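Following: one structure in structure tokens, then a few remarks.
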Amino acid sequence: WIMGHMVNAIYQIDEFVDLGANAIETDVEFSSSGKAKYTYHGVPCDCFRWCKKWENIDGFLEALRRATTPGDSKYRKELILVVLDLKLDYVYLSDAYDAGKDLAQRLVKHYWNGGRNGGRAYILLSVPVVEYYRLITGFRAHLMNEGYKDLLAKVGYDFSEDTYLSTIHDGFRNAGVRDKDHIWQSDGISNCFARTLTRLKEAVSNRDSTDGYSNKVYYWTVDKETSITDAINAGADGIMTNHPDRVINVPKDDEIKKKFRLARYRDNPWKTFRK
């Protein structure tokens with residue numbers, strides 16, 4: 001999965017898909033009352049990027065629905081996964097559950113079209129801090145209680161906090177998410193800084209272990225060709241980048257070509273790939 005990073009303006013959906021992305025990452029800014037409001041990252045962000053592009057969240061979800069609905073004039077068949085990076089800086093911990101419900105309501109209405117011929121992309125909820133696990137609980141509860149349980153098949157989960165994997169595992173348990181139940185484990189840092197592959201390799205080992213909790217692993221934000229190659233060789237399933245074309249064009253040795261290809265829609269993002 002090539003994940004186009006910080007796609008927060010509607011026009012950027014096409015821009016990043018044209019560059020080779022089959023997935024995008026979008027920032028979702030919440031109000032202090034736990035309402036999803038905008039697609040917005042803000043300052044600081046990655047080096048060499050403009051940090052302040054934004055859209056109203058409902059309008060963005062509707063544009064995203066069109067981009068991922070077969071038969072629509074805006075349809076982009078390549079776009080199969082959307083990572084929602086949830087910005088919770090202004091949300092009280094006590095409001096995390098309601099924030100999850102609010103996000104679920106907006107996705108049902110504006111992306112899934114009330115469950116009728118909505119967008120087909122898989123949705124990965126990326127929660128920045130483990131202690132906000134009740135956002136996931138509220139999100140899942142809304143879909144189950146309002147008759148949209150089937151849509152959970154399209155939803156996965158990630159805690160992006162840079163902490164012990166055991167702490168993240170506990171977060172999923174607290175949220176009611178079983179081991180290997182649509183879980184991605186992320187690792188990374190802003191492209192402004194260098195980072196070793198130590199934690200990424202630990203996450204890959206967890207994914208491949210019989211008693212691990214995750215299905216997939218992605219690495220962010222990777223722009224240098226050497227770093228892209230290193231992350232692929234380390235076993236990452238997804239590469240989050242500001243330059244999808246670099247991932248497409250990075251030199252690949254025969255061993256990489258045997259093991260990896262660009263993901264397609266029929267490839268289940270919740271299933272661990274056995275090499």
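Glycine residues also receive a Cβ, built from the backbone N, Cα and C atoms like all the rest.
Record features (Swiss-Prot):
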- His5: active site (ACT_SITE)
- Glu25, Asp27, Asp85: Mg(2+) binding site (BINDING)
- His41: active site, nucleophile (ACT_SITE)
- Cys45-Cys51: disulfide bond (DISULFID)
- Cys47-Cys192: disulfide bond (DISULFID)
DSSP three-state call for Asp27 (Mg(2+) binding site): helix, strand or coil?
strand
Given the recorded Mg(2+) site (Glu25, Asp27, Asp85), which additional residues of the same chain have their Cβ within 8 Å of the Cβ centre, ordered by sequence?
His5, Met6, Val7, Asn8, Thr26, Val28, His41, Val83, Leu84, Leu86, Lys87, Ser126
Write down the Cα-Cα distance for Asp27 (Mg(2+) binding site) and the residue listed as 'active site, nucleophile', rounded and given in Å.
6
Same chain only, sequence gap of 6 or more: which residues have a CB within under 8 Å of the CB of Cys51 (disulfide bond)?
His41, Gly42, Val43, Pro44, Cys45
Among Glu25, Asp27, Asp85, these being the binding-site residues, pick the one whose CA is nearest to that of His5 (active site).
Glu25
For the residue listed as 'active site, nucleophile', list the number of other Cβ atoms lying within 10 Å of its Cβ atom.
24
What Cα-Cα separation, expressed in whole Å, is found between Glu25 (Mg(2+) binding site) and Cys47 (disulfide bond)?
16
For Asp85 (Mg(2+) binding site) and Cys47 (disulfide bond), determine the Cα separation and express it in whole Å.
18
For Cys47 (disulfide bond), nearby residues of its own chain (Cβ under 8 Å, 6 or more apart in sequence):
Ser190, Asn191, Cys192
Please list, in sequence order, the residues in the chain of Asp27 (Mg(2+) binding site) that are at least six apart in sequence and whose C-beta is under 8 Å away from its C-beta.
Met6, Asn8, Thr39, Tyr40, His41, Asp85, Lys87
